[in-house]
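Heads up: the structure comes next, in structure tokens.
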Amino acid sequence: AGPGRALPSAGSSKWEIREKVWEHLEASGLAEFPRPVRGRIPNFKGSLQACCSLGELDVFSRAREVKVDPDKPLEGARLAALQARKTLLVPTPRLRTGLFNRIVPPPGASKEILRRCATSQGVKDYSVPVGLDGKAQVDLVVVGSVAVSEKGWRIGKGEGYADMEYAMMVSMGAVQEDTPVVTIVHDCQVLDIAEELLDDHDLTVDYILTPTRTIQTNCKRPKPQGIMWHKVSSEMLGKIPILKTLRCREKQAGKDVTLQDEHPALANTNRAAISNKKVMAANPQPRAAPGSAPVGQPHVGSEPVNPKLEGSDPVTTVYVGNLPGSLRVSELKSALRELQVVPAGLKWQGAQHRAFLDYRDQGAAHRAVSSLQGLSLGGNALRAELAKSQRSKG
């Protein structure tokens, strides 16, 4: 058993695996800035050492254009690409503008400046956007991971951006079937992952670099073949402008670009969500000043937030945690509307970074949990689960 085997057992869900890795890195003192590592591609002690092994890979020596994600633990990989005078492409965080930026150091840049170019600030200061027609030909892809198995199965932070970036690169012809994918993690992030946890849009990796070893996975599972539109939500489409452009092109090319939430089977649930909207609007919550205790907040589980719910149908309550301190209740409500999981009642506890959502329909509550779990709001990956105490009457 290698050093990572103490972590999750097979049969865990992706979220259990993520939580355990994040927890382990913090508890063992391996987590590095930015902390806490929860909700992120975690930075770890030894990441620079692991990144140095990139230079020893043939696939790196041969590569002319290298795409490296913007995560902090991959800073050493971005530096290695710049020092080797390769073309470095970095996706814009959360793909807010375009797909890539090309990092262009000033002519004759010193080591110090190259180092700065590899940081997240440098990525902003020295970059030139590459459009869809920028004819990028990526020879090597470097992604961050939360967990990865020696077989090449990868678990990201749960927002789907790495899978989406790869699918977009396939769609624009920037990567081929055989373009190698490398991930860089701490030894404890290498663990067994059950193959049934993988979706067909999940990106697999060919090489894993850790501070102590280089693993070639020989993974035979095919990588995503482009964008699977039926897996893309209209929310994601709204967040990623370049995705809209790609979708128009693929539509013109005669592809089926029906989104996840446009399938006819889902039409009924949308109508139910609209009828819930009125309830929500009629239930405003006082907005607390940042950092203060929320105004007039009942203690958890004392009185129902919405008297109309009292004595009516049984209510299923969903707990939403890890809300960023800067988030407003209105932003959470608009996310719930976009996801079409509008609750009948909402108890906002922003100062405690959580909220409780009441649903009259159990199915809606379960849909809310699966849509909200891992959703990124204000830079935090949310936690969502059915509340521990399904509130009893009185």
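Glycine residues also receive a Cβ, built from the backbone N, Cα and C atoms like all the rest.
What TrEMBL records for 283-313 is region 'Disordered'.
The domain 'RRM' annotation in TrEMBL covers 316-389. Looking only at the domain 'RRM' (316-389), the predicted model's pLDDT averages out at 87.
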Go ahead and report the DSSP secondary structure tallies for the domain 'RRM' (316-389): helix first, then strand, then coil. 24 helix, 25 strand, 25 coil
